[in-house]
């Protein structure tokens, strides 16, 4: 304990494997440096024979002293009331306890302290000693440790029969501050239950109050000039010469009965002094009872706060559903979602995560969801940087069974990756609900609507409790656009996934079949066009002739419709995804081939007329009329 090598503060500013501090929550905030204070290894090396306040060995020593304090608090009041016990076996125990506290006084001269102005440890022995001896703590520690009665016996050769030494022994109650400090530290330490720590503290306060009142009450009876005219003398004859423990038992019985306001009446005040003490004790009991009830109420209410919040939220939801006459099925979904929100609050802890720095939140997300994202088909083969960015922006959610995550024909704002659980892929056709597919862990939902920028073509409904992570349409495109190579990999993975879809799923998105057919024909067309360009280059000597006037195959995809923007059925509104031709005439011809009628005007969704194809962008909706 006298030399712990390096400095104390590495326990706060870097990790240690020695086990000296297993939980940072146990570190007192008073040991943290002020903002702007430079802390480096030059300040951390303390002098030899200096003890660190939170060294685990010194902490164990302090805890051992707390156990001795509990004995001192009991014995000091007990020995005042029962003088015979003070000269018996308790005297030897008192001397042994005083030796330990004397050792602690010596050790205190070697314990570094924290300078409140610089927030650095002071390890100078002279400054430590001067600080300790110039404060009241040293004199109180010394006075509470001195064995006055033994010193008197050594100098005079006889025991003193007066009450002076009994009252001097009450100085040992000064040591109770150690118990208070221990409970403060335990209440802040998350390794221990706050409820049980607080409950034990209340029990200790109550027991000490009962014990002290019992001893003082017996003291009043033992020092009355007429012992028979006392509360215990009227019941027990010659009580002064009876067993010490008999008198203590009667005293504790009276104290407990009075504290609990039972008042059987078998032990009652007889003389004036006892009646005055009874009144004071009952006034004290009022305050103690209020303190205990207030603390217990606070502990119970604190444990039920979330329950009250859940009940209030559910009652508000039920009132809203009744007021707006919502259908029973929708009401049950709302209730299930609200209950799940409170049940999974410990797992999500959004309030806690919001208070953490972004780097820590990102690290948590990487630990929890990175493997799931890497397993999803869309992001196989992409760079680690893109995966890290995606995971950092994703939000985790829980959904109860039989709840819609995505509704058919809703705006594609997010897509989802299933972490756990299972969902069904459904569609409404001819007024009935039809099952299409089942999705499990690492599967994706909603990505077709997001990538094609079309209304969501399917309903996604949970089969059981499911956890998903979602990312918004905006964030996804913002991260993928600068990564051209990753974007090509994502498109390739997406197209490969579409080719493996079931026929009944493809039928729900009309342009997918044509898109996949064109994808299969595109390599052949590109080879033919490449051969034509090579032939032209070899036969035409004019440098301008080498310019590719054919334009090649366009890489811009658009969605064409054969009606005006305000017309068309739900199926027509999905349109047909095609590659943008090189000219307006080719676009009219392609539309005639798709819709069976030739148009003469191209409109955007807002009604504006298209004059040049160069102004069009990826996934624009074109209405050819």
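Every residue gets a Cβ built from N, Cα and C, even glycine.
Unlike curated records, TrEMBL annotations are generated automatically.
It is 199-220, from the ranges 199-220, 221-242, 309-330, 331-352, that TrEMBL records as transmembrane segment. The range from 115-133, 134-152, 153-171 that TrEMBL describes as transmembrane segment is residues 134-152. Here TrEMBL gives transmembrane segment for one range in the set 276-294, 371-389, 390-408: that range is 276-294. TrEMBL lists transmembrane segment at one of the ranges 5-24, 25-44, 245-264, namely 245-264.
Taken together, the residues in the domain 'KHA' (557-625) have a mean pLDDT of 81 on the 0 to 100 scale. Listed by sequence, the residues of this chain that lie at least six past the ends of the transmembrane segment (245-264) yet keep a Cβ under 8 A from its Cβ atoms are 78, 81-82, 206, 209-211, 213-215, 217-218, 231-232, 235-236, 239, 278, 281-282, 285, 288-289. Residues 202, 205-206, 209, 213, 216-217, 220, 258-259, 261, 269 of the same chain lie 6+ residues outside the transmembrane segment (276-294) yet bring a C-beta within less than 8 angstroms of a C-beta in it.
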